[in-house]
Amino acid sequence: MSSVEVNRENADVANTNRQANLAEGYEIKELNESQKQYIRSSIPILESSGVNLTKAFYQKMLGNYPEVLPYFNKAHQISLSQPRILAFALLNYAKNIDDLTSLSAFMDQIVVKHVGLQIKAEHYPIVGHCLLSTMQELLPSDVATPAFLEAWTTAYGNLAKILIDSEKKVYQSQPWNGFVEFKVTELINESSDVKSVYLGPKDPAFRISHAHPGQYVSVLWEIPGLSHKTLREYSLSNRVDTCRNQFRISVRRVAGGVVSNFVHDNLKVGDIVGVSPPAGNFVYKRSEENVNRPLLCFAGGIGITPLIPIIETALLDGRKVNFCYSSRNYVSRPFKQWLEQLKLKYKENLKLKEFFSEESSVTKEQIVDEVMTRIINEEDLEKLDLSECDIYMLGPNNYMRFVKQELVKLGVEPNKVQSEFFGPYIP
């Protein structure tokens, strides 16, 4: 290692330690009324120009702090979905500055997201510095006064402290922190554009622990041609096999997707990746109260992955499952063999209805109770028995919005529909 590389590494370590010290300095400071008014005065600006502000913030942060690059998907910056969700968060924080309790559910989602990505306390000062300096640079000088910036500095410090403490509690309960090296042990094509990747610890002495059905892991990839490592989240697509000491994820090829195309075209058995501990609250729930209650499951496309262990576990528990599965077409539908085996084993307890949006004709298979060559619609949902069932749903955002909206119209309480969103999402 050259002296330049050593100096750079020492500088990186010193910077990380400095950020960690800053993070430890966060404490809750009650905002006075004058400071709250400064935060409220931000509302019109955030409503009209919030995305422009957060877009500039991300450009500043990602351009000056390479250590945070792995945590962000470039596609989400290009589509502005990441800036939009931050603008949404800032706006609602300002609107609720007098009482943040109404944001508790949203903040819980942030904690889950951060833990899944293994966000650390030392990242918060970076975000705070870039956010405040972006405000100072972009907002008019008569708005971004020292008092205005001080109010936002205090408000951000309060938010950071809440999130850091909440995330710390979750980290303490996890079997490991950070990313452990795992080796690709097997690759299986599940359909024309879905590939399953089996991952086992590089160190055979390292034992994986139980994961709740429905949880996901973050995988740290090193892609040739990229200047930095990059993270992606994947649901565990089977019941975790602790005996074989491995996880399974399943990756759909996305047009233009850097990571998904690498997985499909270049990933090999023996390759090494970093894997986080399982995380997420979209999990199978078992209790004395619901032991005899049926499950109603909706999956759109690759959204089937977390439902595989959820459905399997429910059937093993003796519960009935009504499964509505939507795919683009027959050749892209993954896990055909799994569906066949499950249907043959649980003939009476598993009802399977499939929807293919791109096919004019599909031969009904023995395993399928009903096939539709169209997208799921209101009439399909009206025919379902919605009384006393646990509802699980995962798929594209628009798909989930539609299904949940229609279920609510039919009398289902919104909080009864369990779902999860990957990537930036505005509730």
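Each residue, glycine too, has its Cβ placed from N, Cα and C.
For reference, Swiss-Prot has these:
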- TYR58: site 'Involved in heme-bound ligand stabilization and O-O bond activation' (SITE)
- LYS113: site 'Influences the redox potential of the prosthetic heme and FAD groups' (SITE)
- HIS114: heme b binding site (BINDING)
- TYR124: active site, charge relay system (ACT_SITE)
- GLU167: active site, charge relay system (ACT_SITE)
- 176-427: region 'Reductase' (REGION)
- 177-285: domain 'FAD-binding FR-type' (DOMAIN)
- TYR216, ARG232, GLU233, TYR234, SER235, PHE421, PHE422, GLY423, PRO424: FAD binding site (BINDING)
- GLY301, ILE302, GLY303, ILE304, THR305, PRO306: NADP(+) binding site (BINDING)
- GLU420: site 'Influences the redox potential of the prosthetic heme and FAD groups' (SITE)
So around the NADP(+) site, GLY301, ILE302, GLY303, ILE304, THR305, PRO306 aside, which residues have their CB within 8 A of the centroid of those CB atoms? SER235, SER237, SER250, ALA299, GLY300, LEU307, LEU394, GLY395
What three-state class does DSSP give GLU420 (site 'Influences the redox potential of the prosthetic heme and FAD groups')? coil
Nearest to ILE304 (NADP(+) binding site) by Cα, among TYR58, HIS114, TYR124 (recorded positions)? HIS114
Could you break down the residues of the domain 'FAD-binding FR-type' (177-285) into DSSP helix, strand and coil, giving a count for each? 8 helix, 44 strand, 57 coil
GLU233 (FAD binding site) versus LYS113 (site 'Influences the redox potential of the prosthetic heme and FAD groups') - Cα distance in angstrom: 10
From the recorded positions HIS114, TYR216, SER235, GLU420, pick the residue whose C-alpha lies nearest to the C-alpha of THR305 (NADP(+) binding site). SER235
Close recorded positions near PRO306 (NADP(+) binding site), where close means Cα within 10 Å, chosen from HIS114, TYR124, TYR216: TYR216
Between the recorded positions TYR58, TYR124, whose Cβ has more other Cβ atoms within 10 Å than any of the rest? TYR124
If you measure from the C-alpha of the residue listed as 'heme b binding site', which of the recorded positions TYR124, GLU167, GLU233, ILE302, GLY303 fall inside 10 Å? GLU167
Per DSSP, three-state class assigned to TYR124 (active site, charge relay system): helix
Count the other Cβ atoms sitting within 10 Å of the Cβ of TYR216 (FAD binding site), across every protein chain shown. 23
Please name which of the recorded positions listed here, TYR58, TYR124, GLU167, GLY301, GLU420, is nearest in space to GLU233 (FAD binding site), Cα against Cα. GLU420
By Cα-Cα distance, the member of recorded positions TYR124, GLU167, SER235, GLY301, ILE302 nearest GLU420 (site 'Influences the redox potential of the prosthetic heme and FAD groups'): SER235
Distance, SER235 (FAD binding site) to GLY301 (NADP(+) binding site) (CA atoms, angstrom): 13
